[in-house]
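Only one structure is covered here, and it is reproduced in the block below.
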Amino acid sequence: MAGITLLVLLIGLASIFWQLARARAVQFRRAVRFGSLPAQHGWTVALWAVLPALALLVVWQIAAPALVTDAVLRTPAAADLPPPGFARATLLSQARALATGHGAESVEPLSRRLAPAYAAATRRSHWIATVAVLALAIGAGAAALARVRAGTPARTRVERLVTALLFAASLVAILTTAGILFSLVWESGRFFATVPAQRFLFGTHWSPQSIVDDAPGDVLGALPLFWGTFFIGAVIAMAVAVPLGLLSAIYLSQYAAGSTRRLLKPALEVLAGVPTVVYGYFGALTVAPAVRRLGMALGMADASSESAMAAGLVMGVMILPFVSSIADDSLIAVPVELGEASLALGATTSETVRQVLLPAALPGVAGGVLLAISRAVGETMIVVMVASAVATLSVNPFASATTVTRQIIDLLTGEATFDSPKTLAAFALGLTLFVVTLALNIAALALVRRHRVRGG
Amino acid sequence: MTVKIAARHVSAFYGDVRALDDVSIDIDTDHVTALIGPSGCGKSTLLRTLNRLTDTVPGARVEGDIRLDGRDIHGRDMDVVELRARVGMVFQKPNPFPKSIYENVAYGPRIHGLARGRGELDAVVETSLRRTGLWDEVKDRLSDRGTALSGGQQQRLCIARALAIEPEVILMDEPCSALDPIATARIEELIGALSGRYAIAIVTHNMQQAARVSQRTAFFHLGRLVEYGDTSDIFTNPRAERTKDYITGRYG
């Protein structure tokens with residue numbers, strides 16, 4: 001509460017300083033013709049008022065709880081507290097809850113006695129923070145205001161600040177990725193401490209529900225999962241998505257009349273907007289039974305209703321617009337002159353596409369396919385609904401198959417404790433998936449970039 | 001003097017914009033015809049109507065009558081593939097395929113099935129490259145990419161590519177505008193060597209080039225053919241005031 005009031009006060013101060021600095025700078029305006037604009041002086045001073053104060057506020061917010069607890073511990077009532085440990089922490093947190101007006105039931109008497117001290121210390125802390133932050137804001141702002149002169153390079157400072165802000169914004173994504181990777185690596189490290197990596201990566205027996213405590217590695221061989229993921233995502237799904245996507249892109253970019261293109265392209269893009277859960281329904285209710293009947297008709301007794309084929313087909317349709325869109329972009333990025341050169345030699349459109357446009361667009365298309373594989377491999381919802389929970393190692397597309405993502409879900413929705421090998425195995429699976437998709441994405445981007453350099 | 005292409009009352013439109021307005025012109029077998037005029041005057045559009053490359057532009061429309069050896073190029077019996085095979089084209093920007101030098105030249109003969117066997121194809125490639133003076137420069141690296149050559153060499157490769165299917169007409173759309181003076185001189189030399197054997201129409205912005213390489217010159221302005229005659233006449237004794245202004249550099 002006090003934090004928000006303080007923020008509002010700070011913003012108010014900043015706008016006052018902005019006005020003051022601007023008004024001051026306007027007077028210098030005539031002296032230097034191409035000096036910084038008054039508003040830029042305004043921003044510099046306003047930021048001087050706000051940024052150090054904000055930094056102090058952040059530091060205070062981090063330090064305050066410890067300081068408050070420290071003050072409470074120095075009161076006479078605290079002498080009765082048990083030594084540091086679980087009991088002491090519970091008593092203190094109850095007292096803190098009481099002081100802020102939460103949780104009144106079944107509170108220890110000692111906590112009740114400590115609560116007023118907590119309340120007082122917290123109040124004091126707020127006051128100190130408010131005064132210190134406001135004083136710093138006014139002081140720093142006034143100092144900056146005094147430095148506003150005709151020659152102050154406010155413009156460069158504002159530019160530098162903009163750069164810093166933009167950099168910080170782009171850093172968020174990178175830091176998040178790094179953080180995710182770190183937590184994955186950390187938990188996976190704990191997993192690999194109990195199960196050897198080669199056992200996990202190349203073991204062929206996966207049945208985490210029958211895990212034994214002293215030899216978890218025996219049932220955590222993930223090869224069937226990797227195979228299933230590859231078979232469904234990279235083989236069957238791509239066998240659907242690549243030819244259809246490519247052919248539709250060729251039609252749309254080279255053959256379709258403008259009106260057809262205006263109709264078909266959005267229709268294809270709608271397909272990309274269908275939630276994967278809906279694909280999952282469709283797969284589980286319609287495609288999977290049909291595939292099973294087909295398998296039976298072909299004389300396969302073990303045709304499953306949770307087959308690799310069903311999951312792969314549905315996933316292929318899901319990925320199709322993505323492949324088509326990238327192939328379309330790559331074909332359109334081929335310089336018009338190349339197509340014209342071929343046509344002017346008397347080549348037909350299909351000859352031109354086959355011999356000139358497709359080869360030139362190939363790196364871009366290949367990059368798109370790799371990106372598509374990485375999406376298919378990471379896709380979860382469809383395989384949760386369509387693929388099997390049982391890990392089998394089979395090249396028969398009509399047999400049941402499972403994927404890494406499906407198993408991660410199963411591992412984490414169980415009742416195992418957080419640090420059991422079963423749960424940690426999910427992190428190891430996640431890490432493997434992350435590394436594979438990262439490698440695919442890097443390769444894809446490199447291909448697409450090379451394509452751009454050559455095409456452009 | 002034999003008329004190779006006869007265009008009568010040709011108009012071309014890009015959507016609602018009229019790029020060519022009732023142009024009638026003959027392209028002779030024995031002469032190089034230069035098409036000159038300020039930017040946007042329709043000379044490139046005229047070139048593209050002659051091999052129906054305008055067909056590939058969405059929203060483009062051509063009216064009028066164009067005949068190749070007396071046959072209507074829009075007629076039922078004229079396949080656009082045959083038309084373009086007989087009327088070759090060289091573009092403003094050198095546009096070799098991202099394939100080897102050999103494959104660039106072999107492209108046309110392969111498409112049209114003109115060579116029987118590797119030996120014949122090799123011969124066609126060599127002849128075409130020799131005709132453009134490129135053979136000695138590239139004979140040891142025929143498998144290098146065509147795009148790795150210099151700009152002037154690329155343009156000669158594109159000419160060789162067009163020659164490889166033995167067209168009857170060669171349309172050149174500002175073939176030297178992306179080249180340096182030395183490369184330009186080589187191309188102009190080449191045009192001189194090819195004339196007589198092929199009917200050549202060349203669009204150019206360069207007055208001196210038109211004067212050097214052509215025997216007939218057509219001056220276009222705002223989509224209309226203003227004046228057409230012997231190059232020597234056009235440059236020394238233009239009949240139209242606008243032609244005179246343009247070739248003397250008063251505008252354009």
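Quick reminder: no glycine exception, Cβ is built from N, Cα and C everywhere.
Any TrEMBL annotation is an automated prediction that lacks curation.
Copied over from TrEMBL, here are the features:
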DOMAIN    A:227-444  domain 'ABC transmembrane type-1'
TRANSMEM  A:47-68  transmembrane segment
TRANSMEM  A:127-146  transmembrane segment
TRANSMEM  A:166-186  transmembrane segment
TRANSMEM  A:225-250  transmembrane segment
TRANSMEM  A:270-291  transmembrane segment
TRANSMEM  A:312-336  transmembrane segment
TRANSMEM  A:356-374  transmembrane segment
TRANSMEM  A:424-448  transmembrane segment
Assess whether the transmembrane segment (A:424-448) lies in contact with the transmembrane segment (A:47-68), where contact requires at least three Cβ pairs under 8 Å among residues 6 or more apart in sequence.
no
With Cβ-Cβ distances below 8 Å as the criterion, list the same-chain residues six or more beyond the ends of the transmembrane segment (A:166-186) that contact it, or say none.
427, 430-431, 434
Counting only residues at least 6 beyond its ends, the same-chain positions whose CB falls under 8 A of a CB in the transmembrane segment (A:47-68) are 3, 6, 10-11, 13-14, 17, 118, 121-122, 125, 129, 132-134, 136-138, 140-141, 143-144, 161
